[in-house]
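TrEMBL has this to say about the protein:
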| type | residues | note |
| --- | --- | --- |
| TRANSMEM | 14-43 | transmembrane segment |
| TRANSMEM | 49-67 | transmembrane segment |
| DOMAIN | 125-244 | domain 'Palmitoyltransferase DHHC' |
| TRANSMEM | 169-193 | transmembrane segment |
| TRANSMEM | 205-229 | transmembrane segment |
| REGION | 307-364 | region 'Disordered' |
| COMPBIAS | 324-351 | compositional bias 'Polar residues' |
| COMPBIAS | 352-364 | compositional bias 'Low complexity' |
Ligand SMILES: [Zn+2]
Ligand SMILES: [Zn+2]
């Protein structure tokens, strides 16, 4: 086995450590709550039953949503976003960025792309690593080594990319883990005080009950901040990446470019039917490749421009100037070459090319 392959295998194995840690804490919390608190410490039968019912309700929903967030693979761009073989070969042979962009523009004529890269939004977003034209809101994840649709961030606590395919599950995972911790902290508090003040005599349950309260309270605080932030993002229809760097449209960058209003933004992630909102089942709207934007009228014009470029008898440089095709023509003009080179370099530089790994440290 090549050393790089061994290294990659080691990295993949080590990446599971945070998930194993969370699973171990959850298993211990189950034992501590059910056995040490409910069975050994609580005397009232009624209290035991009520606590056990609600505990198991939160536990099942939490584990279910956590499992779905881990298990659901990130969605990737479909085949239409790959360059045709001939074009790909031409692209690889081509050394000049402006000519490479010309190839990309031609390949992208039939694709519903509204976002661009670079100043002025003149360059098609392309992933050299996956050799694919990036759909809107798609980004390359260096940890997963793939382009992920509507990528939000790479989460080490689920060892998975959070994106279009599992964003709803991730939000529910945060919600149910918060409820799980809140419920534990609230119900354990009185026994925590009794053990702390020695009202209850020292038993083996004391350590578990004291520790259970500390751990639940600590997780509550960290999850609450992350959950609040993601609820705000859902309300704005913005991904974590877009919150840090606004998407660039033809008209320029617009952090609210995908915002359709609060209700529609919620429906984008959770779907139309409220009865499914709280269940970790897939109800997100769309296919992850295209997203409605606030700039629909501008996009129609953009489509018209793109059609002009499709005409085989005309080279891209011969496309007549019109207000709506300005960006494409500027792209091919020599005046813009220097700009394009810079933008293209930006596209290809790993640090800047939307190859993004965001580790949320505050999750635990
Ligand atoms: Zn990629
Ligand atoms: Zn990832």
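Any Cβ shown, glycine's included, is placed from N, Cα and C.
Sequence-distant contacts of the transmembrane segment (169-193), counting only residues of its own chain at least 6 positions beyond either end whose CB sits under 8 Å from a CB of the stretch, comprise 29, 33, 37, 41-42, 51, 54-55, 58-59, 61-62, 65-66, 68-69, 72, 152, 155, 158, 162, 199-200, 209-210, 212-213, 216-217, 219-220, 223-224, 226-227, 230-231, 234, 269, 278-280. Per-class residue totals from DSSP over the domain 'Palmitoyltransferase DHHC' (125-244), listed helix then strand then coil: 68 helix, 16 strand, 36 coil. Within its own chain, the transmembrane segment (205-229) is flanked in space by residues 25, 29, 31-33, 36-37, 40-41, 171, 174-175, 177-178, 181-182, 184-185, 188-189, 191-192, 195-196, 360, 362-364, which lie at least six positions past its ends and keep a Cβ under 8 Å from the stretch.
Mean pLDDT of the predicted structure over the domain 'Palmitoyltransferase DHHC' (125-244): 95.
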